[in-house]
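Asks: The annotation transmembrane segment is assigned in TrEMBL to B:48-69, B:142-161, B:198-222, B:234-254, B:281-304, B:324-347, B:394-414, B:421-446, B:466-486, B:493-510.
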Protein chains: 2
Amino acid sequence: YRRKRAHEVNMSILVEEDLWRPWPKTRKRIRACLECIKHQLFRIGDDWYFLFVLGVLMAMISFTMDFTVSKLQKAHRWLYQELGDNTLLKYLSWIVYPISLTAFSTGFAQSISAQSGGSGLPELKIILTGVMMEEYLTMKNFGAKVVGMTCTLAAGSPIFLGKVGPFVHLSCMIATFLGKIRTCVSGDYENKNKQFEMLVAAAAVGVASVFGAPISGVLFSVEVVTSHFAVRNYWRGFFAATCGAFIFRLLAVFNSEQVTLTALFKTSFKIDFPFDIPETFYFIVLGVICGVITCAYLFCQRWFLGYIRRNRIIVKLMATDKAVYSALVALLVSSITFPLGLGQFMASRLTMKELLTSLFDNKTWFILSQNASLAKPPKVDPTNLWLEWWDPNFTIFGTLAFFLVMKFWMLILVTTMPMPAGYFMPVFVIGAAIGRIFGEVLAYLFPSGITSEGITTPISPGGYALAGAAAFSGAVTHTLSTSLLVFELTGQIAHILPVIITVLIANAIAQKCQPSFYDGSIIVKKLPYLPRIRSSDTGSYSVTAEQFMNTNFISLNKNADSQEVLKAFTATTSLVYPIVENTESMVLVGSVQRSELGTFLQTHGDEQANEDKMSQKENLRPSIQEYCSIDPITFQLSTQTSLHQAHHLFELLSLQHSFVTSSGKVAGFVTRSELKAAIEDLAHGR
Amino acid sequence: YRRKRAHEVNMSILVEEDLWRPWPKTRKRIRACLECIKHQLFRIGDDWYFLFVLGVLMAMISFTMDFTVSKLQKAHRWLYQELGDNTLLKYLSWIVYPISLTAFSTGFAQSISAQSGGSGLPELKIILTGVMMEEYLTMKNFGAKVVGMTCTLAAGSPIFLGKVGPFVHLSCMIATFLGKIRTCVSGDYENKNKQFEMLVAAAAVGVASVFGAPISGVLFSVEVVTSHFAVRNYWRGFFAATCGAFIFRLLAVFNSEQVTLTALFKTSFKIDFPFDIPETFYFIVLGVICGVITCAYLFCQRWFLGYIRRNRIIVKLMATDKAVYSALVALLVSSITFPLGLGQFMASRLTMKELLTSLFDNKTWFILSQNASLAKPPKVDPTNLWLEWWDPNFTIFGTLAFFLVMKFWMLILVTTMPMPAGYFMPVFVIGAAIGRIFGEVLAYLFPSGITSEGITTPISPGGYALAGAAAFSGAVTHTLSTSLLVFELTGQIAHILPVIITVLIANAIAQKCQPSFYDGSIIVKKLPYLPRIRSSDTGSYSVTAEQFMNTNFISLNKNADSQEVLKAFTATTSLVYPIVENTESMVLVGSVQRSELGTFLQTHGDEQANEDKMSQKENLRPSIQEYCSIDPITFQLSTQTSLHQAHHLFELLSLQHSFVTSSGKVAGFVTRSELKAAIEDLAHGR
């Protein structure tokens, strides 16, 4: 009663207040208007708020990680400088950092979650085809990956690893987590379709928040993780990626690294005459070179990944002491890159960012290096990074070539370390180096530049470095969007046509000969995987479902009782059973999960066995139609469906399983493994 | 005999020649190697050659058209200049060109093919959802469109129309034609799927060959014409668009317009400090403004398109003399833009290209116009295009505002002219003007620029023009890729983040309130069309197929004889009949086309009628199972399928029709019209 009374008093006060305020009608209208706006915003909202939060969170994580890593690296550089002339001490200080950090990264990540190693992109690709791998998207995994990644990156340029893949993975973990929170808070359904859409957007955010490149972030993630996508998802990804990139670059301004929102690796090429038409030919040659090196790299990479899974000693070591393996690899790699040893010929004092900045330099090193009075500075000189590449005896060609040869096998080696790490950035840097050396060779061959129509232009090797980075990273990952990424990264778009041509050619060669880096990992890790059908395999149109379907199935009558169910349950181990109208006509009317049958048998199996003994009243027998949830058939293949079409539909609808019927009768079923076998038969000429 | 003899002689000569040539083994090996390369190339090839040819052809058409149009426009400008001071003569020379050219364009195009009017993009969108509209892709239509387009463009800036849409349409026509040739030559099957893939790639080529912008060409065409796409198609589009853009820009170099491959509308903004962080706020405001103007424009556009279809006088005129209608509109529009009349306040002496170049100018007109000693030049001065916008009494704000107001209604008017024309470019220019005036106002409000961290930057209205163009054109077409297009067009990418934000905001407002320009045309033209389900319409998850399916169907027993077929054939007019196992169980086993039934009745109907009278041997009766081709059911909805899912599947699989079953029994069917009705019910709150 007291409460009610208080409420009434409150109300009357409110009413009085209302009466005393002026213009009640106007206020009412404004209030209604505000209410309407609020309603509108929250109605559009929902997903958009979610995507906004995702973008902001990822940008903050990315920025914080970069910030921490740069501080740690500065500390390392300072330590290394301060040790003076004692070579042994310098060596120890050089190697102790990578060894301890990688060992910690491996140990920490592996002890918390075994799924946190590697980039996580191959697994994500599999998840987006509809296979459930929930352990990959847990928050435990997230923690392990963030800490591990920070250590990996802080280990610096000797270890030579990046953060793109893991960030895509991290972003998807956050999206899953936010999705769960949303479901809890709003009590909203969270269906599978929605989750899929969010994961695609999250992948875009991952890339965008690493590079500050929204458009290519979306395109890259789409190309890497999915085979089909809806324009609607593209918008979501675009929005989230823009939020991520914007906040990421804004934080850089707040941290006084930049004066305004600009590109991450700003270049300063000439805009008026960036390259000459005849140079297009050399860009094509560069594309071919990148394509061939990609094939070699992908082959070696896959072979070595397989090798360490076969080699007994390594397998033993990996089974018990993963951290020791990482430490050993780090020891080898950092010893080789020691700046007073071999490292002086491969610019090993530069961090990954400095490497990239120096390679995209708009000056021509060959011309600069002809100046005789050069000397390598004792410290890295940020305004003349190229000096790190210069050696009086070795020349810049020598150092660049040496860098490429060493990094080629070192990258293959470090990718086997079982810690969280990205493999895109190192590939990108190696590509830039390939392009740079190619450009410098051209500048050497044509010292006066290329003349056309009376205008003489010196060749700018930076443009080739751009093209090389895009082409090599694009070919390794089988994507074309790297050609846009380099422009978003550098803030200049003048080289767009030659870069795209280079990327296309490198991709054509790589896609012809080798599976992509991510597909290669999927193959080596033996994850469920549906190979592509090449458009030249016209045989896929003539192979029909009849030829590759699995006919080893047992169908259940829709009125089947528990005895029949038991028989079917024990006879095969299929996960889905077809339900037919009756066993004579065999017309498919639905399907039932094996687990459903199990439950049915548990509840009704015994009961009926007793009943059987007592009476024979057939009508009372419990049938699956009554007690099991029978899934309707929405999709079925016909025996005449071609392999090409079946593959297309499995990809499009993320199907895992489908029945094959012939004028309504069940004839068999097809799963991804049947499809895979059929495609492989086709590729090997049956 | 003689022939055989000659052949033998030939052979012996060849053999002898072979013997006489040195190193037969090496030569054999080289030949085998060449054969292998040839085989490899042609195996990858096929599609790639096709796409290459498509790109080259479109680039050549685009370039040739630009070339012709620029010559025609130069002639017009020369004529106008040479007439001296006689205002009447000048007026006549100003109006006669647009009137005659548009009248000819309309008359010519309409007399050859009635489908060649307009942009063709809405129809293309419908074709790509699986509806057959073959008359839109014929070569007759192609010819009409090319000639018509040239005239439309040559009519110049008074008419103010572009060429993007028609070029997408032209490109698809060429792709269809090339596909037919390929089928003839190689005897290869050309299935529907392949045709679809080629059309998507062709759409990309269309945009790329107009703007020389490959990446945004692909993205724009994808966003406009499809709702889902495969990454594989994206690669095809990318390749073809690159070929198109490359050749298009190369031809410009050969024609000495450019020294090297550069952007179409090259800008020269400052790279180091293009805009300041606080300006992001103004970009957001610009996005809101563009969004609101877009809504107004789209509403007026749709209303006016509807109006001229209702107004009796216009309908009569359009039915008989389309060319007269065009001429009248051209007369009105060109009179208003007469440079000695109202035209002087709206920069009407500039062509579309010059308009865009002037609006993207990096100088601040407000600052320039404070110089008192200015005078409008008698001729257009290509180095000071902005002077056309300047008027001593009106100020640049006045001219820009007047331009916007006049062009707003004039654009709506000219889009009703029934001739081949594109509507993207004018929208793009209007957007640029909106951005420019906004930027100039900012420059006026903050004459000293925006100060941050001690650095003072003058505001660059060109950046706002860029953002305005992207946002307005993006919002009108409901696409986001215009944000990339502006950078590919201008060759500078520094403004990427603010431009994307502006585009996103304008799009959010436009998509919330109005259907896109193309969807609007589809609605007005009453083409078959599946509306989008908004993600906020969560009701679409709870509406099931049971509630919106059509239950008015007649099913046929699979052994039905001609009498039953006749009964079913006459009872309804459905295009597809379900075939059931038997009429008691009603279990769906297949479907048959109405046309098939017609053929069946023609051949067996009479025959059986006679038979019936003579004997009653039931077994001899011809049944549809034997004589009709029964299509297998690959896809069916369940009665529990939600509207959301059904819509998704119809879009994804380009379905036109699907049966609804409940545990195998036919319960109804769903076509696009049922889906559309259900979605509209949902949107109007049922």
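The backbone N, Cα and C atoms fix where each Cβ goes, glycine too.
Note that TrEMBL annotation is computational and uncurated.
Map these features onto the structure and tell me what's around them.
Replies: The list of residues near the transmembrane segment (B:142-161) in space but at least 6 beyond its ends in sequence, with Cβ under 8 angstroms from a Cβ of it, reads 61, 65, 68-69, 72-73, 76, 94, 97-98, 101-102, 104-106, 108-109, 112-113, 116, 120, 169-170, 173-174, 177, 330, 333-334, 337, 348-352, 355, 407, 410-411, 414, 419-423, 425-426, 429.
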Asks: If I count Cβ-Cβ pairs under 8 A between the transmembrane segment (B:281-304) and each of B:48-69, B:466-486, B:493-510, which range comes out on top?
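Replies: Stretch with the highest Cβ contact count: B:493-510.
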Asks: Using a Cβ cut-off under 8 Å, which residues of the same chain at least 6 positions beyond either end of the transmembrane segment (B:394-414) come close to it?
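Replies: Non-local partners: 159-161, 297, 300-301, 304, 329, 332-333, 336, 342, 345-347, 365-366, 369, 386, 421, 423, 426-427, 429-430, 433-434, 436-437, 440-441, 444.
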Asks: Is the transmembrane segment (B:198-222) in contact with the transmembrane segment (B:466-486), using at least 3 Cβ pairs under 8 Å (sequence separation of 6 or more) as the test?
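Replies: Per Cβ check, the transmembrane segment (B:466-486) touches the transmembrane segment (B:198-222).
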Asks: Other than its close neighbours in sequence, what residues sit by the transmembrane segment (B:48-69), given a CB gap under 8 Å and a spacing of at least six beyond its ends?
Replies: 146, 149-150, 153-154, 163, 167, 170-171, 174-175, 178-179, 182, 198, 201-202, 205-206, 208-210, 236, 239-248, 251-252, 255
